[in-house]
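The following features are taken from Swiss-Prot:
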- 1-21: signal peptide (SIGNAL)
- 22-29: topological domain 'Extracellular' (TOPO_DOM)
- 51-54: topological domain 'Cytoplasmic' (TOPO_DOM)
- 30-50: transmembrane segment (TRANSMEM)
Amino acid sequence: MNSKQILSLSAFAMTIATAAAGNWNAGDTIALLIGIAMFFVLLLALLGWISRKK
């Protein structure tokens, strides 16, 4: 799997997870934002690691 497939699969999984939640409150919103931020940081770390390997 390349990085584009992983990114699209992760975005799809986040969409399904948010659509499945029935009652949405502030805690869920904060958790979603933290999860997106962590995913973004990990994605950049992975891209940096790959670029240093080459």
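Our numbering is plain: 1 for the first residue shown, then up by one each step along the chain.
Each Cβ is built from the backbone N, Cα and C atoms, and glycine gets one as well.
Residues of the same chain that lie 6+ residues outside the topological domain 'Extracellular' (22-29) never bring a C-beta to less than 8 angstroms of a C-beta in it. Mapped onto DSSP helix, strand and coil, the topological domain 'Cytoplasmic' (51-54) counts 3 helix, 0 strand, 1 coil. Averaged over the topological domain 'Cytoplasmic' (51-54), the predicted model has a pLDDT of 87.
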